[in-house]
Amino acid sequence: MSTVGGNMAAPITSEADGNIKENSMFLKKTLSAVPPLTLRIVAECPVTKARACDLTLPHSSVSTPVFMPVGTQGTLKGITADQLEGLGCQICLGNTYHLGMRPGPELIEKANGLHGFMNWRRNLLTDSGGFQMVSLVELSEVTEEGVKFKSPYDGKEILLSPEKSISIQNSLGSDIMMQLDDVVSSTVKGPRVEEAMHRSIRWLDRCIAANKHPDKQNLFAIIQGGLDAELRKACLDEMTKRDVPGFAIGGLSGGEEKDDFWRMVTLSTDHLPREKPRYLMGVGYAVDLVVCVALGCDMFDCVFPTRTARFGSALVPWGSLQVKQKQYAKDFQPIDPDCQCPTCKRHSRAYLHALFKSDTAAMHHITIHNIAYQLTLMRSVRQSIVEGRFPEFIRTFMKRMFPSPDQYPGWAVEALTSVNVTLE
Amino acid sequence: MLSTITRYSAKLNILMMAGSRMKLELSKVVQGRCRLGQLKEIGRMGQHSLDIPGCLLYTHLGSVPHLTQDTLHTLSSLPTATQVTLSNIAEHQEVLDEFKGGFKTFAGLHDTVLYCSLHDSAAHSPTGHTTNKTVSVWGSGGRTELTVAKFMALQRTVQPDWYQAMADGETWQTGTSRKRVRKSVDRSLAHLDECLMVHQKSQELDGVSVFGVVEGGDILEERLRSARETAKRPVAGFCLDGFQTGAMDQALRSQLIAAVTEELPEDKPRLLQGVGRPDEVLACVEAGVDLFEGFFPFQATERGCALCFRFDVTPDPESAGRARLTVADEERHAAGETQPNGDLNCDDQTHMTRFEMDLKDKRHQDDFRPLVEGCGCYCCRNHQRAYVHHLLVTNELLAGVLLMIHNTSHYHSFFRAVRDALANDKMDLLRRRVLGTVKE
C-alpha cells in the first residue's frame, strides 16, 4: 500500500529565526493547499497490470476501477440525481461543448457551477469539447489557435481555444477537467496524426496555464499519437513531464481495429506513472472494460450503456437482451434474475416489453438497469483485484459472456495473454 | 330495445349488488349537492379508502407517465386509486391471460386500488367505429373492437378492484344528432346489463365494484333518462360520460350534471370522466361530482408547463404567501396570457391554460427559484426553473420526469385544498384564488 500525492511538509529546524519563519510559512502554504486529487493504491494484481484504488476528489471519494456514466447536457437521460446516487455512482460526466452552447458558462456559474445546476453532490468530470468538434460539428478549421466551428444553434462562428475550453470548464466547476486536445479520428493516418500529437502537447501547456482553480479542479492530460507506437511514446514522454494530477488515453475507441486499440492502451499504461490515475476515454462495452482494467486502466466513460437503454437494449452478464423483441412479450422473469437494481427487483421483461408501447418510463427502467449493470461489474472487478483473484474473475466473466471459447474475441485473448492471463 | 332493458333490469334487481362493499360516508353536503366525505372499503379486500372530492392517479399501462416507482414515491401522498385504461391494455390480453396473476402484479404496482376505465381521456380516439354491440379502443397496434364478452374477458384477466361498464360515449362532437344521443343511452344501458350478468358469473370478479355509465350528450331529457335507468341497476357508483372538456361549456355542463345527480342515489359516488381543468373541477364539485380522472397534470407536462395556480385559502398570511407567484406572473395570468403551443391541433385540451407557466419561455432561463415557492415536491426541493427550462430547451428526458412529479403533486394538493375549503366553507374564496381574481 502506498499513499501518494500527499503533502510534503518541510521540517522545522532549530536554526536562526529567519529560517524558522521561512519554513513555517512554507508549512502553512503546503498544509492549506490540499491537493484536489489523491490516489491511494489499495491493491495491485500480481498477474496483470490491474489496480484497485481509492481516488479522493473534492466532492467525494471514488473507488476504482470505475465506470463513469455520461450525462452530456447536465442530466443523465431521464434519471434523477437521487436515483443516480442511489445506484452508487460517485462520478459522472458533463460535456463542455454542449453545456458551453446551452445554457452557457455564465449561467452555470450563476447557478453555482454544474454541481449546483444539476444538484449533483458527488464528482463531475467534464470533457474539453474536443471530441464533439470532430464527431458532431461541421469544422471550419483547426489552427494553432484552436478549433473554429459554426454554432448549430445560431450559425455564428466560434473559436474553441485551449483557454476558452478551460475557462468554460472553470465556470462549470468540474472536479476533473480534460485538456483541449487536437482530436484526429483513429482511422486517419499520415502526417496529420503527428501534427495533432505535437499540438496537443502545446495545448496541454496552454490549458495548464489557463486553469484558474488548480486547487479545486484537476486538469488531466490526454495522450494522443493515434495508432503509431512511436508517436504515442513521444507523446507519453513529453506529457508525463508535466505535473498533472492524471492522464487520459485518448484518440482511441473511434472505430479502429481492436488489435491496434489494445496495443496502444497497453503501451500507454506502460509509460504512465503508477501513482496517477489512468482514464481510458470512450470505452464502455463490458469486455473492453475488463480487458482494459487488466491492461492497467482505472477510469472509463461511454455513452453506450445509457444510449442503448433507450432503444430497449438491456445489458446482462451474457450479452444483451432486446426487450422490445416479441420473444419477451410473455417472459415473466426480470431482465437479470441476479440483478439487484430497482428495475429487476420489481418488473418483468414482459411488463417492460409492453410498457415500451405506452410510455417513456420504459426507457428509464432500462437506463437504471444498465447503469446498475456497469457499476456492479466494476465493483466486482475491483473486489476481485482486492482479493487477489482477478485472473479467475476474468475467466469466469468471459465464460459467462460467450457461449464457447471459440467465440472469445481474438484481440481480447491476445491482450489478456500479454498480461499473463490465459483463457481456455 | 326498451323492453329488453326492462326485462334485464328486473332480473338484476334480484341478484346481488355488484361489488357493493364500497361505502360512501358523507360528512357534509352543501346546497344538497356538493359533497365532502370518504369512500370506504374499496378494493377487493375492502382495505382502502378514498377522500372525496378526489382524483385518480393517471397512468399509461400502470406507470404514471415518465415515472418509475422510485420517482413516483418521492410524492408524499399518492391518490388511493390508480387508473388504467383498456385502450392501453386491450392489446396485451393474451399476455395477461398467460400471466394469470392480474394486472397489478404484472405491472409491479404498489399497494393500490386499481380502477379500469374504457378510454384514456388524454388520448384522442377516432370516432365512427361504435356499433350496437361493440365499442373500439385504440392502442399502439391500432384498433381493438370490443363486444361485451371481450370487454368482460379483459376485466377478468386484468382483475381490477373496480371498473366502469362498457359504454357508448361518442356524443361529444358538436352537432351530434338527437337520434345518435338516444342510441348511446340505449346501448350503454344494454351493455351495462350484459356486463352485470357476466360479472355475477365471474369468480375472478368477486368483490370487484362496477360503475354504471351515464350518457346523454347535451340533451337534458336523455341525460335524465340515462341517469334514472342506470340508477335502477345494482351498481356501486356512476361514471358521468360525454362531458369532457371541449364537448360543452361549463355552464351547460354544470346544469346537466346538477340535473343528473338529482336522479342518482345520494349514497353512491359519481366519477366524472374527461374533465380536469381546475376551474371546471370546482364547478363540477359544486354540481355534485365526487371523483375526477387525474390526466390534467400529464397534459400540462407534455406542453412543457408547470402547474402554478394558487389554491391557498388559509387566513394565515405567511402560508398564504408561500405559493405566491411574482406580481409579474400574476399580472400575466390575469391578463389571460395563454399562448397555445405552435404545433398543435385545435383540440381544446392541448392548449396551455391559465393555470400553468410555460417553462420553455426565455424568461425562465436564469430564474433560480423553484417552480412554485413552498411546493414540497422533489422537483421544487431540488431544482430551479432555470434547470427545467434548460432540460426543455435541450429536449432532455428528465424534463418530463421533473414536471410530472411537480404537476402531480400540485394537482393532488389542489384536491386536498378543495376538501379543506369545503370543510371550512371557503369554496368561494378557493374559486377566486384558483382563477387568480383575489385582490390583495
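FYI, residue positions are counted from 1 along the chain as it appears here.
Cβ coordinates come from backbone N, Cα and C, glycine included.
TrEMBL labels come from automatic prediction, so no person has curated them.
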Annotated companion of A:Cys339, A:Cys341, A:Cys344 at the Zn(2+) site, TrEMBL, chosen from A:His364, A:His365, A:His369: A:His369
Further substrate ligand in TrEMBL, beside A:Asp127, A:Ser128, A:Gly129, A:Gly130, A:Phe131, A:Asp181, A:Gly251, within candidate set A:Gln217, A:Gln224: A:Gln224
A:51-57, A:282-288, A:296-302, A:373-379 - the one TrEMBL records as region 'RNA binding': A:282-288
Region 'RNA binding' according to TrEMBL, located in which of A:161-165, A:171-175, A:256-260, A:306-310: A:306-310
Positions whose Cβ lies under 8 angstroms from the region 'RNA binding' (A:306-310), at least six residues beyond its ends: 69-70, 76-77, 320, 363, 366-367, 369-371
8 Å Cβ shell about A:Cys339, A:Cys341, A:Cys344, A:His369 centroid, Zn(2+) site members excluded: A:Pro334, A:Ile335, A:Asp336, A:Gln340, A:Pro342, A:Thr343, A:Lys345, A:Ile368, A:Ala372, A:Tyr373
For A:Cys339 (Zn(2+) binding site), nearby residues of its own chain (Cβ under 8 Å, 6 or more apart in sequence): A:Val316, A:His369, A:Ala372, A:Tyr373, A:Thr376
Spatial neighbours, same chain, of A:Cys344 (Zn(2+) binding site) - Cβ under 8 Å, 6+ residues apart: A:Pro334, A:Ile335, A:Asp336, A:Pro337, A:His369
Within the predicted model, mean pLDDT of the region 'RNA binding' (A:306-310): 95
DSSP-assigned states of the region 'RNA binding' (A:306-310) in counts, ordered helix, strand, coil: 4 helix, 0 strand, 1 coil
Chain-internal residues, separated by at least six, CB under 8 A from A:Cys341 (Zn(2+) binding site): A:Leu87, A:Ile368, A:His369, A:Ala372, A:Tyr373
Euclidean distance between Cα atoms of A:Asp127 (active site, proton acceptor) and A:Asp301 (active site, nucleophile), Å: 10
Listed in sequence order, residues with CB under 8 A of A:Asp127 (active site, proton acceptor) and six or more positions away: A:Leu93, A:Gly94, A:Asn95, A:Thr96, A:Tyr97, A:Met178, A:Met281
The region 'RNA binding' (A:282-288) - residue tally per DSSP class, helix then strand then coil: 3 helix, 0 strand, 4 coil
